[in-house]
Amino acid sequence: MSKKTLGTLLALEVAVIVAVFLLRGFPGLDLEVYVGGARKLAESGTPYEGMVVTTQNISLPFTYTPFAAVLFLAGTIAPVKAVLVVLNVLSLLGLGVVAFLCLVKTGVTRRTAAYVSVAVQLSATLVEPVLATLNYGQINILLMLAVVVDVLVPWRRWPRGVLVGLVAAIKLTPLVFCLFFLLRKDYRSLGRCVGTFAGVAAVMWAVLPSASERFWLHLMLATSRIGDLWYVGNQSFRGVLARAGYSGSLLWVLGVLVLLALTVFAIRAALRAGQVPLALVACAVGGLLVSPVSWTHHWVWCAPAVVLLGALGLRWRESDRLLGNGLLVFAGLSALLFVSYLPWLMPFPALTVGARTGAEAYTIAGVLMLATIWWASARRSGSAQLVDHELDALGEQRDVVRVDGREQADA
């Protein structure tokens with residue numbers, strides 16, 4: 001890209017970040033809990049005893065790993081509000097990087113991808129999962145950034161899998177991407193991921209044995225410490241069952257198996273179509289659906305999902321109108337859903353079919369997204385010639401393809 005383009009992008013970047021902070025106020029409740037847990041660790045050797053009292057008259061437990069508590073010690077050296085500003089600026093920048101990497105790997109030129117990424121950052125004022133992450137002072141976007149960078153970074157010598165393992169040692173949910181490495185037959189990256197995760201946990205056990213024993217042997221599976229499963233903010237299959245009044249395990253296990261199968265089909269189809277970012281999104285969505293607790297702010301993967309489906313719809317509709325237009329319609333409807341706050345608008349308990357559907361909107365959208373990725377990727381793979389033929393096994397490609405699929409030199 002030219003210096004003029006870079007200058008314009010930098011100016012837009014600053015303007016977007018300033019606009020987001022001017023348009024929205026961020027209370028940072030969860031960040032207070034993280035930093036409070038770190039203070040407990042420094043004072044008593046464990047972040048898990050008692051509740052963290054916040055300035056918002058809400059007391060909550062620290063629920064992350066001992067390694068996370070160690071990392072949040074850095075947040076104790078400054079006022080929480082200052083830490084929140086830094087965290088949210090990094091999250092906004094990270095959201096842009098995620099969109100940029102996904103688009104470039106899908107065939108969009110760097111220049112176009114950069115401008116779209118800035119627009120995605122501005123959408124933070126509208127998209128409920130993204131805005132909720134910023135409001136709470138959550139780290140979901142940074143975790144997503146680490147996964148995307150780890151998988152899509154173009155350097156051949158990059159130790160793929162290490163970053164995923166590292167962030168899984170902070171918050172367990174990224175372990176779902178082991179499935180991505182497995183289905184991609186990238187066993188070295190899978191080994192590095194598991195090895196990094198286990199290594200960090202082992203080091204923490206040696207350094208903080210009491211806290212580690214408490215978390216890994218007693219608290220890790222205690223979902224009640226995280227929140228009520230029936231709460232509408234829990235947009236997972238387990239949440240759907242809880243709101244329906246079902247508390248058993250059999251139906252949940254059967255549903256998880258079905259959802260995992262759908263996730264596997266979607267990932268494999270996307271990989272066969274040469275769409276590594278789409279496979280990554282499918283893995284993330286599958287993880288959100290099968291996790292016992294997936295708060296709405298965990299659904300930040302909706303941002304790259306909508307961007308990817310929209311970009312592929314534009315690119316593929318010239319050669320396959322049904323496929324392209326279908327993806328565009330689904331991307332548009334998904335975008336409307338995630339800016340609508342629909343689950344939060346439904347009465348509880350939801351007594352009508354319409355209200356129940358609205359209350360489970362993210363979960364339903366996740367299932368439909370997996371089905372759409374599976375269908376679109378399989379249809380694309382079945383075409384006579386892939387436009388994306390230059391994608392190699394690592395998902396690397398030349399940056400010379402426009403959104404519409406025609407080649408041009410990168411600007």
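From the backbone N, Cα and C atoms, a Cβ is placed for every residue, glycine too.
According to TrEMBL, the features are:
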- 7-26: transmembrane segment (TRANSMEM)
- 82-104: transmembrane segment (TRANSMEM)
- 162-183: transmembrane segment (TRANSMEM)
- 189-208: transmembrane segment (TRANSMEM)
- 245-267: transmembrane segment (TRANSMEM)
- 274-292: transmembrane segment (TRANSMEM)
- 298-314: transmembrane segment (TRANSMEM)
- 326-346: transmembrane segment (TRANSMEM)
- 358-376: transmembrane segment (TRANSMEM)
Which of 82-104, 162-183, 326-346 shares the most C-beta pairs under 8 angstroms with the transmembrane segment (7-26)?
82-104
Give the one range among 162-183, 189-208, 245-267, 274-292, 298-314 whose Cβ atoms make the most pairs under 8 Å with those of the transmembrane segment (358-376).
274-292
Here the stretch out of 82-104, 162-183, 189-208 with the most C-beta pairs under 8 Å to the transmembrane segment (245-267) is 162-183
